């Protein structure tokens, strides 16, 4: 409460009720997903048929559990592979962008900064489609001119990585720029005065300063990539990542194995969130 | 200004490559393809036919307007629901409960949109939780399908975008000094007066950036309208997907993509203009 401002008791109660309702609204769909992952029924629906762990450990179809579902496990592997690459590439690009926009003054800087923000206002589907169109056209052109097919320009993991890097780089850049602005350049100058080469000064003074931010930006980009759907949908080849595989099953109508996948995703996301928050706390301390 | 050294150009290169190859060229390429005549026999020629198709076919046009309209509605609804909660977190909750509330709002969104949508599907579908509960309490006799209508699409859109409204609102409201609100009451302002004259003007940058992000996410959303809305959801991104993936009519799909991009840019631009904000100020924080 802002202590000096009166608020009548019924009004206060009403407000608290609203907050409670809001929290229930947030948690409800997730709780439902968790609950039905233990339901001993072939459909994620009522009635409740009793508790089971089959949707995690079941070995036989139709009660094939997550840990024995080869297709789902494979798609998790695909997603992790893509997310890892996206994280590495986006972080490297973002670090360059941060240094560029914080350390240097140059003509057209404001304009380039706005261009850097562009991916945030391009719908993910359009981003995916535009990359699909241009890479395919380029590949077609090369094939016609040199009779050589550049396979990675066709829909597949590489294109997905490129499509996701296009917008995740912007998000990482914003995070790193905000942190780098707080860096006192005299620290690096001190290192230079003490005889360090610019490269050594950067690695021993600036990078440690940025380390916690790099870790949390990395976690965010990994998750964003892992969970991306819109851009990925347009660029997917034969090796579908998890979100696409789940989407296809959802449309066909699936067993509660999708619930158990979701629960695993929740656990991993929560774990990564905790790691990221701890790192941010360290940074503030 | 000192002369820009080699370091500057080394940092400019990755930035320029990323922006050109992944953002600018693909979109220019898509624009070019959208102006091509679709034909297997005649050589390449330019035409506005793909855009004319859009205006001549009521289905395309109606879907477009409907998507824009529903996205605006979803944005306003999200703002209305999120604002009291953000105000509570920023101004009324203190210490531990504040951190916990903010975490509670953020955590569900570390999870894939797919999982959240899946949760709502389990609740709303004909054999779902809501239908079952209503039947259990004797309010209805037969199961009712709550999925596949506009209200459920709206629910899904609002839920999906909630975080992106809450976070900018909280950070904008937190910077508002309590004493300003107190002064408003001391000068005899009612709740409504203080809200309109002090709180909302101060929160404007947060409101604008939240609205822009939520609008973009809704407009470009494919997953939620498709899963919750079913076959008749009539979302424009589905038209784009159909043209590209199902009909393989890339010329028409590109034209649709460009139109969606124009619409989103226009509305973002109008939002910034009306509120006197700039893209760098609202997004690049």
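Any Cβ shown, glycine's included, is placed from N, Cα and C.
Sequence-distant neighbours of the transmembrane segment (B:7-28) (same chain, 6+ residues past either end, Cβ-Cβ under 8 Å): 261. For B:7-28 (among others), the entry in TrEMBL reads transmembrane segment.
Among the features that TrEMBL reports, domain 'ABC transmembrane type-1' is placed at B:64-271.
Here TrEMBL flags B:68-88 (among others) as transmembrane segment.
Tertiary proximity for the transmembrane segment (B:100-123) is limited to same-chain residues at least six positions away from its ends with a CB under 8 Å from its CB atoms, namely 85, 88-89, 93, 129-130, 146-147, 152, 155-156, 159-160, 162-163, 166-167, 170, 223-224, 227-228. Sequence annotations record features per position, and here TrEMBL assigns transmembrane segment to B:100-123 (among others).
The transmembrane segment annotation in TrEMBL covers B:153-173 (among others).
Summarising the annotation, TrEMBL assigns transmembrane segment to B:194-217 (among others). Among residues of the same chain six or more beyond the transmembrane segment (B:194-217), those with a C-beta under 8 A of the stretch's C-beta atoms are 71-72, 74-75, 78-79, 82, 86-87, 160-161, 164-173, 175-176, 180-181, 184-185, 264, 267-268, 271-272, 275, 277, 281-283, 285.
TrEMBL lists B:255-275 (among others) with the feature transmembrane segment. Tertiary neighbourhood of the transmembrane segment (B:255-275): same-chain residues 27, 30-31, 34, 50-51, 53-54, 60, 64, 68, 72, 204, 207-208, 211-212, 215-216, 219-220, 236-237, 239-240, 243, 282, selected by CB-CB distance under 8 Å and a gap of 6+ residues from either end.
Sequence-distant contacts of the transmembrane segment (B:153-173), counting only residues of its own chain at least 6 positions beyond either end whose CB sits under 8 Å from a CB of the stretch, comprise 70-71, 73-75, 77-79, 81-83, 85-87, 89-91, 102, 105-106, 108-109, 113, 116-117, 120, 199, 202-207, 209-211, 213-214, 217-218, 221, 224-225, 227-229, 233, 285.
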